[in-house]
Amino acid sequence: MIHLLADAGDVWSRLFDFSDYGALVALLRNSIIAGAVLGVVGGLIGVFVMTRDLAFAVHGVSELSFAGAAAALLLGLNVVGGSLVGSLVAAIAIGVLGTRAKDRNSIIAVIMPFGLGLGILFLALYDGRASNKFGLLTGQIVSVDNPQLGYLVAISAVVILGLAVVWRPLMFASVDPDVAAARGVPVRLLSIVFMILLGLGTAVSIQIVGALLVLSLLVTPAAAAMRVSSTPRVVVSLSVLFALASIVGGIMLALGSSIPISPYVTTISFAIYLVCRGVDALRARSGTSGGTRTLAERGGSPAGRARA
């Protein structure tokens, strides 16, 4: 038993070292700010991703965003710019061509392997540092400098402002597109606009958690929030709170560890989802109304109240 405890202590000391934690927090101020900003963006976008059943689309957009970032890395261009181009191309294609769920899923299924294949090709041709390649897949939050933080904050501000402008009609179109179209809401245009905003949000999120794990920031927090509430304001607030807890908590834990940030972000996000699912199960067992169904299924959206 003593030997087992000693071995566990050795493993802990190799993985974690919080001796210089305060100094590291000061040095990585940009990373913490970037994480907080993306937590807000991911939480807000995630509500619409879940309401519109676009979780698969997030993965499709992230793969082409990864390809764009890898191409930029190969050509010596700005990686954020390449990621944005890839995301927007995928988002616009899905928004324009995928008006129906069946068509949308088919388009995403075509885009995903194509984007992933291109990304792998570009990384194979890249002769630079291996850490740059690894960062595109798993994130590189610890290396956020002032210019990158500026890009990230500016793009995030565009996404948040865009969501604020179209929030009410977009929620209406997300909950009941047929009724929204009958009321004169430009459902198709809103779909394209949201996909563009989703593309921007995906591109900046990849800088944090990487292309492979972006779902943990744009989907899981909102999915967890919808498990415990169906009230729109509560869902939005919880989604943002869960995203902030995942990303900022992941950064703070990664500062004293040799493990990359992405496992922490995804683990915290997954743990929050499990807790929320457990709360929902307990409510269902006791007969208390929970948040298992989406906003659309419960009719609890602002759009639903507007129609009443």
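Cβ coordinates come from backbone N, Cα and C, glycine included.
Record features, source TrEMBL:
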type: REGION; residues: 288-308; note: region 'Disordered'
type: TRANSMEM; residues: 21-49; note: transmembrane segment
type: TRANSMEM; residues: 70-94; note: transmembrane segment
type: TRANSMEM; residues: 106-128; note: transmembrane segment
type: TRANSMEM; residues: 149-169; note: transmembrane segment
type: TRANSMEM; residues: 189-222; note: transmembrane segment
type: TRANSMEM; residues: 234-255; note: transmembrane segment
type: TRANSMEM; residues: 261-279; note: transmembrane segment
Positions on the same chain near the transmembrane segment (234-255), where near means CB under 8 A and six or more residues out: 21, 24-25, 28, 31-32, 35-36, 38-40, 42-44, 46-47, 141-142, 208-209, 216-217, 220-222, 224-226, 228, 261-262, 264-269, 272, 291, 295
Range from 106-128, 149-169, 189-222, 261-279 with the greatest count of C-beta pairs under 8 A to the transmembrane segment (70-94): 189-222
